[in-house]
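**Q** Got a structure here, written out as structure tokens. Questions coming.
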């Protein structure tokens, strides 16, 4: 089973995914940007405060995603793992969409990668997310409260349109993780039918 956990920066994705991975058998956790060459370029660029046209960001994230899927996700799925990725296509839709890139374009450039079996949105108020991010030390280019409000709205709109479960991530991570595990277990049971 292939699962994407999405949400604005500061929504607790990393912490929740770590808890979920402990609760389920044979879980492989990965994230975007990936550890591949394009993903490393994206991380380095962000850390240096680099800015590019949002269309360039969208293309680079899509390129990283294709490489990530082929190099890492697909082989682990074939080996029988539950693969959980922190961020996937919906992150590009939300972030680059909030920066003005048409969603249809983002969907098109990402059409070569398979959709996850399950996408879960962790939802938190952007002001709370910024507090959490500041506790980590530095803000990155996508981390300003007004921008995160736009990103959050796109996530919630997409969740309604696509039927993605939305979890209140303003609660303690352990509670959020329990909800995520329950959703995954239900989805796995329905896939077995």
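Glycine is no exception: its Cβ is also placed from the backbone N, Cα and C atoms.
In case it helps, Swiss-Prot gives these features for our protein:
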- 7, 8, 9, 10, 11, 12, 13, 14: ATP binding site (BINDING)
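Tell me what's around each of these sites.
**A** Long-range Cβ neighbours of residue 12 (ATP binding site) (same chain, at least 6 residues apart, Cβ-Cβ under 8 Å): 122, 124, 132, 169, 173, 176. In the three-state DSSP scheme, residue 12 (ATP binding site) falls into the coil class.
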**Q** Take the mean position of the Cβ atoms of 7, 8, 9, 10, 11, 12, 13, 14, the recorded ATP site. Which other residues of that chain put their Cβ within 8 Å of it?
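**A** So the extra residues in range turn out to be 122, 124, 129, 132, 169.
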